[in-house]
Amino acid sequence: MAVVKEVERVKRVEVDSDIIVQKLWRKVVRQLASLPLAIAELFAIAGLSAVGTVITQGERPAWYFQNFPDSNPVLGFLSWQWILGLGLDHVYTSPIYLGLLAMLAGSLMACTSTTQLPIVKVARRWSFLKSTKSFSKLDITDSLPKARLSDLGSVLLGHGYQVFARGPSLYAFKGLPGRLAPIGVHVALLLIMAGGTVSAACSLRGTVMVPQGLDFRIGDALGSGFLGPDASVLDSRVHVNKFYIDYRENGQVGQFHSDLAIVDPQDQIVSSKTISVNDPMRIGGVTMYQTDWGISAVQLRVDGSQPYNLPMAGLQTGDNKLFGSFLPLGDQGAADGKGISILARDLQTVVFYDQEGNFVGVRRPGSKKAITVNNVNIVVDDLIGSTGLELKADPGVPVVYAGFGGLMLTTIISYLSHSQVWALQDGSWLVVGGKSNRAKLDFERELNDLLDLVPEVPTLEEPVESPQQ
C-alpha cells in the first residue's frame with residue numbers, strides 16, 4: 001500500500017508540475033503578445049537603427065579615435081569610449097540589437113497564435129441561423145416579401161460570394177484572404193528579421209584595389225564563412241582586362257568602368273562583364289561593385305628606350321586624388337634624391353617637374369609628343385589605372401527581398417473586406433442579414449443593391465407581416 005501511495009503521489013506531483021509549466025507558458029505568451037510591448041520593441045529597434053545610420057559602422061578603432069575624440073565629444077558627450085564601449089561601431093550585429101529582433105519575432109509569433117489564428121478559425125467556420133431572432137445580432141438586417149432563398153443564392157454567387165445552403169437556411173461569404181492577410185504580414189516581418197539576422201551573422205565583405213591587367217582570387221578578398229559561397233566560386237579569379245574613365249565635356253569625371261572576366265580553377269573564362277557604378281557583376285552569390293579607382297603606373301619611353309612602367313603612389317585621397325612618381329637622373333639619382341617628379345590627378349594628363357621642383361609641362365598619354373626635362377626626352381605612352389572593387393556575399397538578401405515582397409502583397413490583401421451574409425426562408429418572407437470586418441457602409445450599400453436584384457415571386461402567398469416586426 002505504501003508503494004502505491006508513493007506512486008500516486010509522484011504522479012500528482014508530475015501533473016501539478018505540468019499544470020504550472022503550462023500556466024507559466026501561457027502567461028509568457030500573453031505578455032509577448034502585448035501590443036505595448038511590441039510597440040516598445042519597435043521604438044527600441046528604430047532608435048538603434050538611427051544610431052547605426054548616424055555613426056559610421058565597421059571602421060577601425062583609430063577612425064573613431066580621430067573623429068570622436070575625448071577632447072571634443074560630439075553633442076558634448078559622445079566620444080570614442082562610449083562608441084566602442086557600447087558597441088555602437090557595429091550596432092546591427094550587437095547582442096542588444098539581435099536580442100530585440102528576437103523579442104519582436106517572439107511577439108509577432110505570440111500575437112499570431114493567440115489572436116490571428118483564432119480569428120481565422122472562426123472565420124472559416126460557416127454556420128446557419130435557424131431563427132429570425134438570431135438576425136438581430138447582425139450589423140444589417142432586412143426582410144424580403146415573396147422572395148426565394150435559391151434566387152438570393154444565385155445573386156450572391158454572381159457577385160463573388162461562396163454560398164452554402166441547408167434546408168431553409170443560407171450562409172455566404174467573400175474576402176476570406178483579408179482575414180488571412182494579417183498572418184501573412186507577420187510571416188513577412190519574420191522573414192525580413194530573419195534575413196537581416198542572417199546578413200548580420202553570415203555575410204562576407206571585402207575590398208581590393210587591382211591594377212589593370214592583373215587578377216585576384218575571390219576567396220582572398222572575401223574570406224570564407226558559414227553559408228558563404230561555394231568553394232568553386234571562392235577559388236575563381238577575377239581578371240581586370242581594362243579600367244577606364246568616361247569624362248564629361250568640362251573635364252569632370254562622368255563614370256568609372258572595369259572590364260572584368262571570371263576565370264574558374266581550370267583557367268576557363270566562365271563570365272565577363274564591364275561594370276560601373278550602380279551596375280555590379282554577380283556570380284555564385286558574390287556581388288562585385290565599382291567603388292574606387294587609382295593609378296598604378298605610368299608607361300614611359302625615355303631617350304628612345306622601349307616602353308616600361310614606372311609605379312605611381314597615392315599622394316592624396318578623397319575627391320581630389322593625386323598620384324606621383326619619381327624618375328631618377330643618372331646612376332646616383334636615386335641615392336642623391338635627384339630626379340624628375342611626375343604627377344597625375346586623372347587618366348587624361350601627366351605633369352612634369354624638374355629636379356629643382358620647377359614646372360616643366362603637361363603631356364597627354366598616347367599623344368606621342370615628347371617632353372624634355374633636365375635634358376631627358378620622355379614620351380608618355382599610357383597611364384595604367386587600378387580599379388577599386390567591393391565584394392559582398394550576403395545570403396540574407398534573398399530572404400529580405402522575399403519578406404518585403406510578401407509584406408507589400410499581404411498589406412494590400414489585408415484591405416479586402418471579409419463580408420458574411422445569412423438568410424432564412426420563413427414562409428414567403430426571406431430574412432437576410434450580414435456583417436463585415438471593414439468598410440461597413442460600403443458593405444451595407446452593396447447588400448442593399450444585391451437584395452434589389454432578388455426577384456419577387458408572385459406565386460408565393462401574400463405575406464401577412466414581416467417576421468422582423
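Quick reminder: no glycine exception, Cβ is built from N, Cα and C everywhere.
The domain 'ResB-like' annotation in TrEMBL covers 37-301 (among others). As a whole-number mean, the pLDDT of the domain 'ResB-like' (37-301) in this prediction is 87.
According to TrEMBL, the domain 'ResB-like' annotation covers 330-447 (among others).
For 32-55 (among others), the entry in TrEMBL reads transmembrane segment.
Within its own chain, the transmembrane segment (96-120) has Cβ neighbours under 8 Å at 29-30, 32-34, 37-38, 41-42, 44-45, 48, 87, 179-180, 182-183, 186, 189-190, 193-194, 196-197, 200, counting only residues six or more beyond its boundaries. Annotation comment: TrEMBL describes 96-120 (among others) as transmembrane segment.
What TrEMBL records for 180-201 (among others) is transmembrane segment.
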Open item on the list: Can you tell me which parts of the same chain pack against the transmembrane segment (32-55), counting only residues 6+ beyond its ends and a CB-CB cutoff under 8 A?
Closed with: 83, 88-89, 91-92, 94, 96-97, 100-101, 103-104, 106-111, 113-115
- [ ] May I have the DSSP-based helix, strand and coil counts for the residues of the domain 'ResB-like' (330-447)?
- [x] 29 helix, 52 strand, 37 coil
